[in-house]
Amino acid sequence: MEMNRLQLPRNMIENSMFEEEPDVVDLAKEPCLHPLEPDEVEYEPRGSRLLVRGLGEHEMDEDEEDYESSAKLLGMSFMNRSTGLRNSSAGYRPSAEGACSVPSARTLVVCAFIIVVAVSVIMVIYLLPRCTFTKEGCHKQNQSIGLIQPLATNGKLFPWAQIRLPTAIMPQRYELSLHPNLTSMTFKGSVTILLQARQATWNIILHSTGHNISRVTFMSAVSSQEKQVEILEYPYHDQIAIVAPEALLAGHSYSVKIEYSANISSSYCGFYGLTYRDENNKRKYFAATQFEPLAARSAFPCFDEPAFKATFIIKIIRDEQHTALSNMPKKSSVSMEDGLVQDEFSESVKMSTYLVAFIVGEMRNLSEDVNGTLVSVYTVPEKIGQAHHALETTVKLLEFYENYFEIKYPLKKLDLVAIPDFEAGAMENWGLLTFREETLLYDNTTSSVADRKLVTKIIAHELAHQWFGNLVTMQWWNDLWLNEGFATFMEYFSLEKIFKELYSYEDFLDAQLKTMKKDSLNSSHPISSSVQSSEQIEEMFDSLSYFKGASLLLMLKTFLSEDVFQHAVILYLHNHSYASTQSDDLWDSFNEVTNKTLDVKRMMKTWTLQKGFPLVTVQRKGTELFIQQERFFSGRKPEIYPVDASYLWHIPITYVTDGRNYSEYRAVSLLDKKSDIINLTEQVQWVKVNTNMTGYYIVHYADDDWAALITLLKTNPYVLSDKDRANLINNIFELAGLGKVPLQRAFSLMDYLINENQTAPIAEALFQTGLIYDLLEKLGHMDLASRLVSRVHKLLQSQIQRQAWTDEGTPSARELRSALLEFACTHSLENCTTTAMKLFDDWVASNGTYSLPTDVMTTVFKVGAKTEKGWSFLLSMYISIGSEAEKNKILEALASSEDVRKLYWLMKSSLDGDIIRTQKLSQVIRAVGRHFAGHLLAWDFVKENWNKLVQKFHLGSYTMQSIVAGSTHLFSTKAHLSEVQAFFESQSEATFRLRCVQEALEVIQLNIQWMEKNLKALIQWYI
């Protein structure tokens, strides 16, 4: 799945409250919680009726029992009894004179007896043989404690206590029939599931949520007679249990049929409905699905875990004016009464439930056959003219992936559908890819080179998923990075190979640097992490799973060579087609290809099973290079957090020196211990480690080596690649934030920019100084902020003056133009605002028909939005135009207003979803929160509307992560830290424990520390 590509906050920090991730994460007290790891058991929430009982056929092994929960329950019971004793002991109240009354002899004897019994019980428990007390409880061999068995909604015992489904029953095939009513927003459904028993059992446990189940029937393979059976519901785990009328025998097949009805969802997950207005302003109805990660269960009862793969036959009843689509080609259409049509789709390949999809609505399409696969792009009728670029791009990518993976795309058709209202950027449903309109459609007159590149990259990402994720699927959400890291890597790799006119490495470099900022926090997580609740699963869809995963693959490809990398990937896909895998399966394929000359599994586990990344410290002494590693930890105070010696990575160390030709010689060494020495073979003037930033680590140099690199940049910067120059700017500012390098040295290095003409270093410098400017501005240090702008302007002045207001040049040059002119206009430098205002006035005079250069359109709109008349005209154009690319640029400009009333109206309108679609809300909040006028307003809006936001987007979702970060990441006072912390503490425990909330608190605290550390020096230094 493609996340909504919004800027991730990079000024993030560590919070002393959360040094280590807790061993046990409390599950949310929400009605919809989701799977634990196989060896973990979850129980009823506090306040529920509980029963201690053995589970018969489902009795757990010792290591699956939750002794701590049982101990807590017994403790609570003891406390309740103790309270009762205290409440009944009125005889011990002080007398009126203040003296204690004397207890009777009988009372003393009873009390003594109780004390003796209590002490005896404690000693017996403590001295039990083969019993070891740990924080988990008492672990004994051959001893079984009765688990706390949940109760179904009808008060009967529910026969399964875990969140993860049992594996005694496996689905083989689903036959799903649906009849949605898009005006009443309801649907009727029936699903027949062919099952196979792997172990003997009486119960069939599967997922279902929000269904009104009217009838359930059961049939065995040996008997064709349907039997109506009892069903038990346990909403807390989204589970139902079908109690079979006979024992289900291992190896035998059975089927169940479930008839039900439900509401079409009003959120963005499950089978959800939406309305939009066509070109004639007529309201239209549309329904689509978004099942990843946990929402297939809300559309039909199913075994809703990735490893439970099966085939699907889907039938949909629709109105005749609508089109219905699903994963597979349409097999037949049958006319029914009342103007209805039933479409039946061919049986699918074996796949996970989260990849099932269906869409109903009015659509048109463009199609092309590619080696027997019909590729089609679908849109609402009036936007079909914007589908040509997507079709051409998909055709090229499909041929490339089939050749690269040496596996033909297995389906007969591949549909790409632009959904009018869609939360995610896109979704890889097998054979039915779904997108936001802005990530699939391309308008030649209003889409910039960045827009075209975005559409191309996201199509590449989703198409790569047809192999990574669909053909081969992770067993469980803890290894989501296998899906998303690979798809992200392939989107950039494919652009480099077949869309050279669009490829610019700056995008990936920028994303990698942002991700490392996030990964340096204590609230980070390993990309392969144990996940339990639905919120934790949702939170795995973050930049670490996507971009850290992709960065590690890039590092591995560079280290092993492109050929070895490709052969290992092909082997992995061939060995595990239509199956489910873990990370080790991927590394085993690499080890097989390398013939164990390098233990790839051992190396890569140091990167996937540890959070964070290494700081490599380098010191040159003669012809020797001394290197050592430790964890890079933002905001770490050594007196509070000593360096954790347990962190150790196997790091491919690449470096370049002045002793060799840069383009031909790149030395590589593997650092698999805390420190080592590299022999340089000759005296050198300088050394640059982490060549082209292909390694996922930050480098710190000794003072003399920093000085040598700064001198090199000022005298001959182009000896280093532009990636290396950007890397040095990033590393020195990150180290300055840690206090390892004086901030003045970072600015000294940046002074070479007066001679810089490449995008990546300039963009990184603008980003790093922009963070400092934002903090100074939000605290009211306007004079200091202005001096910072003046210093940066002095360095970039010649580059800014060189920019033309056109769309000419390479993608990299065009993106540099956009960045420089926006910087100049934002701070009223040169004649930028005058030129932009003239272009805006011409555009307004033409009633929006004048063709503005697309690369500077956002800047022009922002300047125009500063006037009342300009803002109003932009809003009217936003409502009336059909180009999503142009609407995005206008929305960015509208959110840059300094009028808080307008900013509040924008956020409110986006939440309401009529004029501005709710899918845009996180983008609006982030844009509002970025500017001085709106950074407090955005947070107030989030607080006021928190419950509505959670209802629409769900806790832990990428959208909620973005909203929390976007509304808090520029706070830098202790008062704001206290306010944000108090607000989230007042919510549910699950909310406060969200990773994005802990991250937000860390960010604020790091901002505070940065200002405390550097403000005085900045004032004295005057930038």
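Placement of Cβ uses the backbone N, Cα and C atoms for every residue, glycine included.
Residues annotated as active site, proton acceptor in TrEMBL: GLU462. According to TrEMBL, the feature Zn(2+) binding site maps to HIS461, HIS465, GLU484. If you look up TrEMBL, you'll see 171-355 marked as domain 'Aminopeptidase N-like N-terminal'. Per TrEMBL, domain 'Peptidase M1 membrane alanine aminopeptidase' is recorded for 390-607. According to TrEMBL, the feature site 'Transition state stabilizer' maps to TYR546. Here TrEMBL flags 108-128 as transmembrane segment.
Within the model, the domain 'Aminopeptidase N-like N-terminal' (171-355) shows a mean pLDDT value of 95, rounded to a whole number. By neighbour count, meaning other C-beta atoms within 10 Å, the densest spot among the recorded positions GLU462, GLU484 is GLU484. Other Cβ atoms within 10 Å of the Cβ of HIS465 (Zn(2+) binding site) number 26 in total over all chains. Distances between the Cα of TYR546 (site 'Transition state stabilizer') and those of the recorded positions GLU462, HIS465, GLU484 are shortest for GLU484. Residue density at TYR546 (site 'Transition state stabilizer'): 28 other Cβ atoms are found within 10 A of its Cβ, drawing on all protein chains shown. Summarising the environment of HIS461 (Zn(2+) binding site), the number of other Cβ atoms within 10 Å of its Cβ, over all protein chains shown, is 30.
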